[in-house]
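Taken from TrEMBL, the feature transmembrane segment applies to 12-30, 36-63, 75-94, 100-120, 132-153, 159-183, 203-228, 234-257, 289-307, 313-333, 345-364, 370-390.
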Amino acid sequence: MKYKLWKYIDQFLFALINIGTILFISKFINEHEASNYIYVTTFTSLSLVVNAAFIISPTWYYCTNIERLKEYHSFNLLLLILSSIVVSIFIYTLMREKNLLLSINIFLLCLLFPLFDYLRRILYILKDEKKAGISSLLLVCLTLVSYVILKFIYNIEEYIYYISYLILSLFTSSLFILIKLTLKYEINFHIKTLFSPQKLKNYISLGKWSALSMLCFWISTQGIFIIFNNHISNQAFVISKVCLSFSSIIAIFFSAIENNLMPSLRKNIINKDFVNIEKIKVKYFKNGLIISILFTFISIVSYFLLYDFNYTALFILLMLCFYQAFSGLFKIYAYLLKSINNYNLLFYINLFCTIVILTLASILLDKNNYLISITVLIFGISTSILYKIALHFHLR
């Protein structure tokens, strides 16, 4: 039980670093710099998505014990570095602002965020969730202290300094885990296990559909802030991102459930125990609905305790909370499609919805301050309904 509790603590703290930094920046930094901060960190979050699909997911599949972890660790680190370089180059070519300091920060952010995520997931495999929770707590505390010092002691407004100190916090926390892995588990970097064409082939085979599906999801929920950055005011842009961050506490709950639910669903699918699957679905919907309503209320109250009340923010927050709740509840159908290894179908659904919805949004909602929230909401509803329809026809 204590391992599960530490895992929940770690997942909450890791999500908090994304949500908390956005809230701090939007509350205490001027609108222009806050917009730039959100723009850069949203762009670099693409690296987290790519590495989660191509490295972290295959690691969970192939590395079920410490010996396998030792065999794959060096290869994983090399692949993570290479993918981060590719993603950071891609991001930098699309950035509206270009300078040496920014390029260095983009690369380090693209590298260190997925590195920290990978290292804390390794601790899950080793059943050392407590160390994962402590490392995430260290990251949150270091970032918070540095941001408070930058703003309230030195009164710094430039967003690049905040990104630099986030990078420093990620580096320190990652180093903490690496030292623990080396000293306690003797998981080291070895040249002889650095590269394997067969491992690369296996990783691509396992991760390609998941990566493509997650890429579509990222474009429609995060990349949209980049695509439509110049189509709405800075104020609406920042409000939309902050509201998405507040509503993300609902998503954290559903993500935590997924980690515990997937093994049970796979087992029931293999045994064709559809009666038990229905029982799981009923319990999932019941608990999910209660938590969604509670967290929506908490999100709204928390938002207006920190920010002045205005109807634009209220409507955006309500739409995004409804998106998180609706898509979270219907994710059970996505989990079931994953349980029957139908990752390619998830990709086709996400791709179709991404293309259609972004096209319609650019035509019908241009210059509308609700552009981002409406687009995200419709994407969540449409993909969720299509997951349910796809599963119905597959199991019929």
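Cβ atoms here come from the backbone N, Cα and C positions, even for glycine.
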Selection from 100-120, 289-307, 313-333, the stretch that has most Cβ pairs under 8 A to the transmembrane segment (132-153): 100-120
Interface-richest range of 12-30, 100-120, 234-257 toward the transmembrane segment (36-63), CB pairs under 8 Å: 100-120
CB contact flag for the transmembrane segment (75-94) and the transmembrane segment (100-120), at least three pairs under 8 A: yes
Residues of the parent chain within Cβ reach of the transmembrane segment (203-228), under 8 Å, 6 or more residues beyond its termini: 38-39, 42-43, 45-46, 49-50, 52-55, 57-58, 61, 79, 94, 237, 240-241, 244, 343-344, 346-347, 350-351, 353-354, 357-358, 361-362, 371-372, 375-376, 379
Among the ranges 12-30, 159-183, 234-257, 289-307, the one whose Cβ pairs under 8 Å to the transmembrane segment (313-333) are most numerous: 234-257
Leading stretch by Cβ pairs under 8 Å, where the reference is the transmembrane segment (12-30) and the options are 159-183, 234-257, 289-307, 345-364: 234-257
